[in-house]
Structure formats: structure tokens, C-alpha cells
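Trainee: Structure in C-alpha cells, see below.
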Amino acid sequence: MAHSPHTSPSPRVIRAPARLSGRIRVPGDKSISHRSLMLSALAVGESRIEGLLEGEDVLATAAAMRAMGATIARGDDAVWRVQGVGVGGLLQPAQALDMGNSGTSTRLLMGLVASHAVSATFVGDASLSGRPMGRVITPLARMGADITSSPGGRLPLTVRGLVPSVPIDYELPVASAQVKSAVLLAALNTPGITRVIEPVPTRDHSERMLAGFGARLTVEQGPRGRVIALEGEAELRPQSITVPGDPSSAAFWMVAASVVPGSDVVIENVGLNPTRAGLVTALRMMGADIAELAPRTVGGEPVADLRVRHAALSGIEVPPDLAPSMIDEYPVLFVAAAFAAGATVARGAEELRVKESDRIAAMRVALEANGVTTVEHEDGLTVHGNGGDKIAGGATVATQLDHRIAMSMTIAALHARDSITLDDASPVATSYPAFYQQLAELSGETA
Ligand code: S3P
């Protein structure tokens, strides 16, 4: 079944509310949702997934796994049931796999295809078609896959898997959980032991979930970093999974409640895996008032409800070693910085240039147009904050097919003198379909 992403632009005008208050529950974690579908599709038997993120990116993964033989259905109880085909059992898809806007779907599925007797063509939207895939092509080619890509290692590209594929030891040249996961997923159907060496730790959902599904996997600290070793020709056992709420979605409300005076918001069910929680650390360094309520474990991940109240923020130097654990949160951190006293300097975040958009340039342009002073660096941004006053607003922002630019500039508009217009808010549906509905609830409006 072909996945059809949003097609026509949907402009949106955002006005500042008086304050934000109430409780909301953020949707399921995007990274864990993708992996839940992929690993369930490779288990033998039926898995159940509760709390799956039903955004366009994850639906693209579901469609691709169906196209390669898995049976995937959502029940009226909102529980997703997946009948897997077993490791080694993926079928040849009849058509190109449409990845829409989703880099995670593309890179992880390229890994799966690389060690199966499958040839799959990956296509995507204009944003995804501009993103570098060389970082996964290199290790997967070493494992034996034959990959032909568009110039610059870009989509559309075709992966012809090799069976049996060849185990490798691979040291990640970029801190990327997607590259790590692509190699580990290829390793599932590769005889022998595949090792990934990770000099800088990145989100570890793949490791946790592969172990949970019964793969033989070890993680050790070596002289060059974390060494993840996976024994191939794995047999995965079906699981019952509860997906925790997405900290990258909660991030918008953490910043919104911090910067809009009088706000008091409880964000329920937020995943706080330490490889994802860097924004909480950074905001607390800035003076944010974030309390963790009812800490618990959901689906093997630490989770809490976060109560966030308005607070006076101060500019900081963002520790570069936080970058991997908050890589998707920089755009909204820049918004927090716009309302802080003094400058916030974020360096060591060059990966932002190859996300759904060039997020350093996109946020610099969007903030400047709305009255915020910034300085662009090759690897980050300095934002000069105004000490908590309203920013000017009044401009139209190009969201560039990037959900996080759209949502971050929506949060900026919540404390602006004049409304901010997004040229296209439709990308929000890739990761957070209920975002504007929840904003209306917290603003005290009916949606
Ligand atoms: C993700 C990893 C990160 C992140 C993306 C999701 C994942 O990308 O930005 O939103 O689920 O593995 P990189 O691996 O490119 O850093």
C-alpha cells in the first residue's frame, strides 16, 4: 500500500494566548514506534503494540513492513497487532517503498533489506530526497548489499540485499542512532557476530528492544567507545509493547510553559531515557521549573509526568556533550533562548544541518524575521535573549517540510506581540497529529 504524505501546503496563523494551563498526554515515542513495528514484523507470531505514534512517519514504516509481508492492523481499542514473518522472511515488495518525510524509516529499513533476499527502491518527499544516505550505504555495502543511489548518496535509491550477508565491525564516523540501528538490523539476518563501536553514545532504543525481543546482544565499554555485538540469524519472540510518550514532543510544552508567563502545565507519560533527556538538563541549567512526578518504568524505559511552570530563564553555553541526547530539541531550545536573559551559545551540533531541513539556517532565519538576534555558526547558533519579554513576531515562517521548525515557531508565537504565520503547518502531522488540538486545550480555547 503506497503511503501518501501531506500534499498541499496548509498555512496557519498563531496568536499568543494569555497563559497555558492544564494536563496533556504526549503521543508515543517516534523512535520506539518505528522499532516496535519493525521488530514485531520480524518476530515469529503476533505482537501487540499499545501507545504507537500514529503519525505519518510511523505509518510509512507500517506500510513498508506490510509491503514486505507482515500483517499489521490497528484494533478499535487502538492496540496495533502485528503478525511477523520471522528474521529472513521478508518478501519482495511489489512497488517502491514511499518513505514520505521519514529519515528513520528509510535508514533503518535499508538495514533490514540489506541482509534479505529482497530488492527495494526507496523514495521520499523533497526534504528526504535531499538528505545524505551515504552514512548507511557505506556499512551496508561492506556487509554485501548492492546499493545504487541518486547523486550524492541520495534518494531515490535501490538496495539489493545479499544472503548470506557478511558480519562487520563498524565504528560510527557520525554520532547517529539511525546508522547504528541500520547496521544492527542488517546484523539480525547475518551469520556470525556484527559489532558496532559507538564513540559517542546515542539513543539506545534499538539495543534495549532487540534484547527484549530475544536477540543475543551484548553492550560493553571498550577503549574506543560502546561496543554493541549482535549474534546474527536471530530468532525474535513476539512481544507486548507499551510505547512511552515522546520526550521530543514533550519538549514543545516544556518550553511553552517555561516562557509564557503564568503557565502551569502537566505533561503526562514523558519518556526520560537518559540518551533522550538532554533538553531537560539544558532547560534546568537555564533556570526552568520542571518537576518529575510519579516516576515509573513503561516498556523498559524510565517515564514520569512533568510539571512545568513559567520561570525566568538565563542564557547558557549548551554543553556540546548533551548534543546526542537532545539533537531533535535544538530548534525549540533556540526558542527558549530567545526569551532568556543574555546569550545562549549552542555549538557542536553540526548534525542539525542534515535533518528534515538545515535546522541551524531555518531557525536563524525564522527567529531573525520575528525580532530575535542570532549569530549563525557552522556547528550551531548563538541566540541573544530578551530577558522574557514578548518577541516582535509578525513575520511568515518557511517551515521547509520540517515538523520541528513548524512546532518550534508555533511555541515562539505564544509569547510574541504580533501573530506569526507558518507558510505550511502540515509537516506537524509527521510526528504529532494532535499538536494544535492540544495547544488549544492548554490555551483554554475549544479546538
Ligand atoms: C533517530 C535518530 C536521530 C534523530 C531522529 C530519530 C532514531 O537521527 O534525529 O529524529 O530514531 O534513531 P540521527 O541518527 O541521524 O542522529
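Cβ atoms here come from the backbone N, Cα and C positions, even for glycine.
In case it's useful when we look at the structure, here is the feature table from TrEMBL:
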- 15-439: domain 'Enolpyruvate transferase' (DOMAIN)
- LYS30, SER31, ARG35, SER176, GLN178, ASP328, LYS355: 3-phosphoshikimate binding site (BINDING)
- LYS30, GLY103, ARG131, GLN178, ARG359, ARG404: phosphoenolpyruvate binding site (BINDING)
- ASP328: active site, proton acceptor (ACT_SITE)
Trainee: When you rank GLY103, ARG131, ARG359, ARG404 by Cα distance to GLN178 (3-phosphoshikimate binding site), which of the binding-site residues ends up on top as the closest?
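Mentor: Closest recorded candidate to GLN178 (3-phosphoshikimate binding site) by Cα: GLY103.
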Trainee: List the residues of the same chain that sit at least 6 positions away from ARG359 (phosphoenolpyruvate binding site) in sequence and have their Cβ under 8 Å from its Cβ, in sequence order, or write 'none'.
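Mentor: The answer is TYR330, PRO331, LEU352, ARG353, ASP402, ARG404, ILE405.
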Trainee: What Cα-Cα separation, expressed in whole Å, is found between SER176 (3-phosphoshikimate binding site) and GLY103 (phosphoenolpyruvate binding site)?
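Mentor: Rounded to the nearest whole number, the Cα-Cα distance is 12 Å.
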Trainee: Listed binding-site residues are LYS30, SER31, ARG35, ASP328; which of them have CA atoms within 10 A of the CA of ARG131 (phosphoenolpyruvate binding site)?
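Mentor: Checking each Cα against ARG131 (phosphoenolpyruvate binding site), there are no hits.
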Trainee: Where the criterion is a Cβ under 6 Å from an atom of ligand 1, which of the binding-site residues ARG35, SER176, GLN178 meet it?
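Mentor: With ligand 1 as the reference and 6 Å as the Cβ limit, the list reads SER176, GLN178.
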Trainee: Compute the C-alpha separation of SER31 (3-phosphoshikimate binding site) from GLY103 (phosphoenolpyruvate binding site), stating it in Å without decimals.
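Mentor: A Cα-Cα distance of 11 Å.
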Trainee: Between ASP328 (3-phosphoshikimate binding site) and GLY103 (phosphoenolpyruvate binding site), find the distance joining the two CA atoms and give it rounded to the nearest Å.
Mentor: 13
Trainee: Looking at Cβ-Cβ distances, which residues of the chain lie under 8 angstroms from LYS30 (3-phosphoshikimate binding site) while being 6 or more apart from it?
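Mentor: In sequence order, the residues whose Cβ lies under 8 Å from that of LYS30 (3-phosphoshikimate binding site) (at least 6 apart) are LEU53, GLY55, ASP57, VAL58, THR104, ASP246, SER248, SER249, SER431.
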Trainee: According to DSSP, folded down to helix, strand and coil, what is LYS355 (3-phosphoshikimate binding site)?
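Mentor: The three-state answer is coil.
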Trainee: Rounded to whole angstrom, what's the largest C-alpha distance between any two of LYS30, GLY103, ARG131, GLN178, ARG359, ARG404, listed as binding phosphoenolpyruvate?
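Mentor: Largest pairwise Cα separation, rounded: 19 Å.
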Trainee: C-alpha of LYS355 (3-phosphoshikimate binding site) to C-alpha of GLY103 (phosphoenolpyruvate binding site): distance in Å?
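Mentor: Between the alpha carbons of LYS355 (3-phosphoshikimate binding site) and GLY103 (phosphoenolpyruvate binding site) there are 8 Å.
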Trainee: For ASP328 (3-phosphoshikimate binding site), list the number of other Cβ atoms lying within 10 Å of its Cβ atom.
Mentor: 25
Trainee: Considering the binding-site residues SER31, SER176, GLN178, which residue's Cβ sits among the greatest number of other Cβ atoms within 10 Å?
Mentor: SER31
Trainee: When you tally the Cβ atoms that lie within 10 Å of each candidate's Cβ, which of the binding-site residues (ARG35, ARG131, LYS355, ARG404) has the highest tally?
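Mentor: Neighbour-count leader: ARG404.
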